[in-house]
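A.B. asks: Heads up, here are the entries from Swiss-Prot:
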| type | residues | note |
| --- | --- | --- |
| SITE | 12 | site 'Discriminates between blocked and unblocked aminoacyl-tRNA' |
| BINDING | 17, 68, 70, 116 | tRNA binding site |
| ACT_SITE | 22 | active site, proton acceptor |
| SITE | 95 | site 'Stabilizes the basic form of H active site to accept a proton' |
């Protein structure tokens, strides 16, 4: 199994989007940066904010694209190409409509499920979808016509509380990947309930 060398948190740039559901991936990267005691700094050649850290003696890069969500692949592709990071060495963290708030799932590969950030990353990695995903449940508004407005709005206080709890657990589980391996971290995160 490949080691994770790049962890990407998806979101939209700008204060207006900071607290919206679509930025759940970025929220987790910010927690990881605090956990690993590093700062995310703008790096224009990677179209995002990046940090480099050592986790259990292994070099890992954190990335938050500063492009809009549907262009996330531009940042991921640029950094992965520059550092010769393979798709299977990448973990992408993103919001997931098909999971309820307070849940998260880790998996490798799969489709994009209509998520425009994932769609662009797959395209920019040469149509390779073999990267890992950490999907943070944000719930579904009930009808597909409501999705765009839903993901670009703030979660309710109850949902935000559930998200905070699962983000704490996910932070521990990402760190666990480097200590105990992907299988143990996946089993722990995928069975988490609040």
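Sequential numbering from 1, following the chain as shown.
Note: Cβ is positioned from N, Cα and C throughout, glycine not excepted.
What's the neighbourhood like for each of these?
C.D. replies: Classification of residue 12 (site 'Discriminates between blocked and unblocked aminoacyl-tRNA') by DSSP places it in coil, neither helical nor stranded. Every protein chain shown contributes to the tally, and the Cβ of residue 12 (site 'Discriminates between blocked and unblocked aminoacyl-tRNA') ends up with 21 other Cβ atoms within 10 Å.
Cβ neighbour count for residue 68 (tRNA binding site): 16 (other Cβ atoms within 10 Å of its Cβ, all protein chains included). Classification of residue 68 (tRNA binding site) by DSSP places it in coil, neither helical nor stranded.
Note: residue 22 (active site, proton acceptor) has non-local neighbours 10, 11, 12, 69, 95, 151, 152, i.e. same-chain residues 6+ apart with C-beta under 8 A of its own C-beta.
Counted within 10 Å of its Cβ, the other Cβ atoms near residue 95 (site 'Stabilizes the basic form of H active site to accept a proton') come to 25, all protein chains included.
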A.B. asks: To test your reading of the tRNA site: which residues beyond 17, 68, 70, 116, same chain only, put their Cβ within 8 Å of the Cβ centroid of those residues?
C.D. replies: 12, 22, 67, 69, 71, 72, 117
A.B. asks: How far apart, in angstrom, are the most distant Cα atoms among the tRNA-binding residues 17, 68, 70, 116?
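C.D. replies: That value is 16 Å for the farthest Cα pair.
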A.B. asks: For the binding-site residues listed here, 70, 116, which shows the highest count of neighbouring CB atoms within 10 A?
C.D. replies: 116
A.B. asks: Going along the chain, which residues six or more apart from residue 17 (tRNA binding site) have their CB under 8 A from its CB?
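C.D. replies: Non-local contacts for residue 17 (tRNA binding site): 11, 23, 152.
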